[in-house]
Amino acid sequence: MGGREDSEPPLKRVKVTLTESKNSSDHSSITDPVASSLGDYMARPLPSQGDEETIGKTGVIKRSEFIKVITRALYSLGYDKTGAILEEESGIPMHSSLVNLFMQQVMDGKWDDSVATLRAIDFLDEKTMKSASFVILEQKFFELLKKEKMVAALDTLRNEIVPLRVNVNTVHELAACMISPLQPVQLEPSSQDTDGASTRSKILEKLQKLLPAALFIPGHRLERLVEQALDVQRDACVFHNTFDSDLSLYSDHQCGRHQIPSQTSQILHAHSDEIWFLQFSHNGKYLASSSKDQSSIIWEVKGDGQVSLKHVLTGHQKPVLTVSWSPDDRQLLTCGLEEVIRRWDVTSGECLHVYEKNGVGLISCGWFPDGRGIFSGMADKSICLWDLDGLELECWKGQRTLKISDMAITDDGKRIINICRETTILLLDREAKFERLIEEDEVITSFSLSKDNKFLLVNLINQEIHLWSIESEPKVVSKYKGHKRARFVIRSCFGGFEQAFIASGSEDSQVYIWHRGSGELLLALPGHSGAVNCVSWNPVNLHMLASASDDRTIRVWGLDHLNLRRKVSQSNGIARLAHQFNGRT
């Protein structure tokens with residue numbers, strides 16, 4: 001919106017001319033006569049017209065603060081004339097004349113004058129005063145040093161900076177500059193460049209962060225207040241499932257159930273037996289499914305949201321348990337039931353490699369984060385890692401996995417996560433050779449790792465789903481109930497905006513969706529005629545969900561457009577009613 005970057009209001013607005021203060025040298029004493037002329041610029045109470053008045057229905061917004069924040073925003077956006085007019089018309093200056101003088105002195109490099117003015121400003125505690133003085137005097141020191149005025153620089157250090165008794169380590173570094181002026185010192189970037197208006201603007205920004213907001217209205221304050229309001233509205237929206245770009249300032253935000261995929265948009269028929277697993281690719285452009293019919297299928301998600309068959313992958317001699325997308329989505333792994341793992345090219349549908357181990361079946365699979373290798377759970381309860389050519393790199397033997405097991409690896413490649421016993425999940429740190437366990441009271445049937453690697457979604461035999469935080473000490477942070485599970489492995493997933501929802505299959509032929517934070521059951525979606533074994537939420541299209549069932553079909557779920565049309569639609573930021581009610585628009 002604005003014409004320039006955020007900065008202080010133009011200094012031409014400062015009512016003080018350069019002849020009104022002493023034109024002192026860079027190393028003059030801070031007891032200059034300029035201090036005696038500060039009475040005219042002392043901060044005074046604002047005129048009564050804006051001091052006590054409030055605006056808004058609740059009366060909590062002070063009129064003077066409101067106007068100052070708006071003025072600050074206008075200057076930040078580059079509307080200098082408009083900001084000046086608002087100050088004049090309202091009678092409420094954004095800064096006191098004393099603060100304006102202080103800013104002018106900093107920009108002019110009148111360091112001693114600015115320190116004296118700083119001390120004349122009311123409401124500053126001793127700590128703030130010293131910290132701000134240090135910033136000013138440090139810059140004075142560097143400028144003297146650059147001009148090779150070594151005596152004056154030493155005098156500033158000894159008699160002005162050291163007596164402040166703050167930032168002792170930095171003081172030592174400044175002293176080192178005196179000994180070796182050419183030796184670079186590890187100070188803040190703004191301290192290195194010691195010349196020009198740009199540097200002094202940075203010093204002013206640094207001072208603004210130290211001094212009270214009532215004296216210096218923080219930059220972008222209005223934007224921050226508006227962002228906070230939008231954050232509150234978004235967080236309060238139970239059904240929130242839209243990108244931030246859809247938020248508007250024109251009306252309060254409320255998504256409603258219509259923003260959650262709840263309507264069948266497609267039914268995919270291609271498998272000839274129960275479908276056990278499915279997963280969208282990371283880029284959301286593909287969907288892969290695996291079946292008891294010993295095949296896997298790669299489906300393509302078109303630009304209009306329609307899903308079409310791309311490749312049928314055959315070659316397994318047993319039912320295909322699971323699939324796993326490579327990090328770049330160019331390849332796919334398929335894992336047979338205690339059989340082999342096959343690696344496929346997504347574009348051509350060609351099988352690139354078969355991974356197997358004599359006498360031992362493979363039961364799960366996944367990729368290294370860099371895509372240069374794979375890992376698998378084995379029927380002998382070990383975990384093996386291979387390079388892409390099939391060379392075994394590592395193998396952890398012992399009670400590491402079960403015959404039916406999910407596996408995951410964190411994005412940094414450091415931790416492998418696996419079900420190691422019926423009620424236990426193993427968190428194996430490859431580098432530290434350290435193991436941590438997640439213990440449940442009930443049998444674990446499956447799990448899913450969150451996109452940020454901080455949470456684990458664990459499905460249990462007792463018809464509960466537990467959300468575990470695994471960032472530090474593992475702990476259960478939420479529980480989800482309502483779906484049915486008696487005989488089969490039922491899988492759940494994270495999904496929606498910032499993975500704010502939990503979706504799960506169920507043996508009652510429905511798909512269940514909960515709010516992740518509250519645990520509230522939001523929707524139960526009927527449609528399938530057999531147990532729903534697995535669900536996957538498109539990571540790119542927030543409004544697309546897929547479910548796989550024993551009825552041999554995949555259902556693709558989208559928005560309920562009939563109800564969506566009944567809601568308030570938005571076009572070009574203007575809200576309008578998009579349906580008729582009682583015959584009236």
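Using N, Cα and C of the backbone, Cβ positions are placed for all residues, glycine too.
Just so you know, TrEMBL annotations are computer predictions that nobody has curated.
TrEMBL annotations:
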COMPBIAS  1-11  compositional bias 'Basic and acidic residues'
COMPBIAS  18-31  compositional bias 'Polar residues'
DOMAIN    95-152  domain 'CTLH'
REGION    1-55  region 'Disordered'
REPEAT    268-309  repeat 'WD'
REPEAT    313-354  repeat 'WD'
REPEAT    525-567  repeat 'WD'
Whole-number mean of pLDDT values that fall within the repeat 'WD' (268-309)
97
Mind checking which residues of the chain, 6+ beyond the ends of the repeat 'WD' (313-354), have their Cβ under 8 Å from one of its Cβ atoms?
273, 276-279, 281-283, 285-286, 288-298, 361-367, 369-371, 374, 376, 379, 388-390, 403-404, 406
Within the repeat 'WD' (525-567), how many residues are helix, strand or coil going by DSSP?
4 helix, 18 strand, 21 coil
